[in-house]
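So the structure is just underneath, and the comments pick up after that.
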Amino acid sequence: MTNGPSFEVPTGRRDGLSSNVRDADVLPDVSDSIQVLRSKFAASGLNDRDLVLLTAAHTIGTTACFFVKDRLYSYPLPGGRTGSDPSIPAAFLSELKARCAPGDFNTRVPLDRGSQGTFDDSILRNIRAGLVPIASDAALEASNATGALVGAYLGAASSSFAQDFVGAMIKMGAIGAITGDAGEIRDECSAFNTN
């Protein structure tokens, strides 16, 4: 049990009849800056609060070293050099490098250090402290707006965190919803209907 919130998922959403890998280009990437993240979310009708709350989904799970390697070994530094992202605290950088050696793309590291199996606000505490492995999570502290929201959910708004997360999940689930007679309601989510 992850202790996350329960909620009714709206059903009956129509799915398209084709898939295109290029459609994923609008999704956030682990190396996106805060400006790019905010732009991508806004283009989908999501705001800064949704960005913070949906990033908080990273309180559960792991990521592969493949998605961390650039922050550890080839982060752009002044003078055309590359190295480690200087925003990563030294002890956490050592910890990540010990788990993700150069060339290791498959080892898994927790997205939420110390709490990767439980839905809680620990991910927000780790974002605030710079203890997150992927750059897009760390980027939330690079904006006054998103940084303030991280702080609010660690303070005065902490009691509404789980319910606000549910609202952001439902809002995200409605992005690009197909209406009318287009598409189909799938019998099995992972496959087109055969009839």
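Cβ coordinates come from backbone N, Cα and C, glycine included.
What TrEMBL says about this one:
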- 1-20: region 'Disordered' (REGION)
- 1-193: domain 'Plant heme peroxidase family profile' (DOMAIN)
- PRO28: substrate binding site (BINDING)
- HIS58: heme b binding site (BINDING)
- THR59, ASP112, ASP120: Ca(2+) binding site (BINDING)
- CYS65-CYS100: disulfide bond (DISULFID)
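Of PRO28, CYS65, CYS100, ASP112, ASP120, all annotated as recorded positions, the residue with the shortest Cα distance to HIS58 (heme b binding site) is ASP112. Helix, strand and coil content of the region 'Disordered' (1-20), in residues and according to DSSP, is 0 helix, 2 strand, 18 coil. Annotation: ASP112 carries the greatest number of neighbouring Cβ atoms among the binding-site residues ASP112, ASP120 [cut-off 10 Å, Cβ to Cβ]. Remote same-chain partners of the region 'Disordered' (1-20), defined as residues 6 or more beyond its termini with a Cβ less than 8 Å from a stretch Cβ, comprise 60, 117-120, 162-163, 165-166, 169-170, 173-174, 177-179, 182-186, 192. Taken together, the residues in the domain 'Plant heme peroxidase family profile' (1-193) have a mean pLDDT of 91 on the 0 to 100 scale.
Within the set of disulfide-bonded residues (CYS65, CYS100), the lowest number of other Cβ atoms found within 10 Å of a Cβ is recorded at CYS65. Residues ALA56, HIS58, ILE60, SER115, GLN116, THR118, PHE119, ASP121, SER122, ILE123, ASN126 surround the recorded Ca(2+) site, their Cβ atoms falling within 8 Å of the Cβ centroid of THR59, ASP112, ASP120, which are themselves excluded. Between the alpha carbons (Cα) of ASP112 (Ca(2+) binding site) and CYS100 (disulfide bond) lies a span of roughly 16 Å. Calculated from their C-alpha atoms, the gap between THR59 (Ca(2+) binding site) and CYS65 (disulfide bond) amounts to 17 Å. CYS100 (disulfide bond) sits 26 Å from ASP120 (Ca(2+) binding site), taking the Cα positions as reference.
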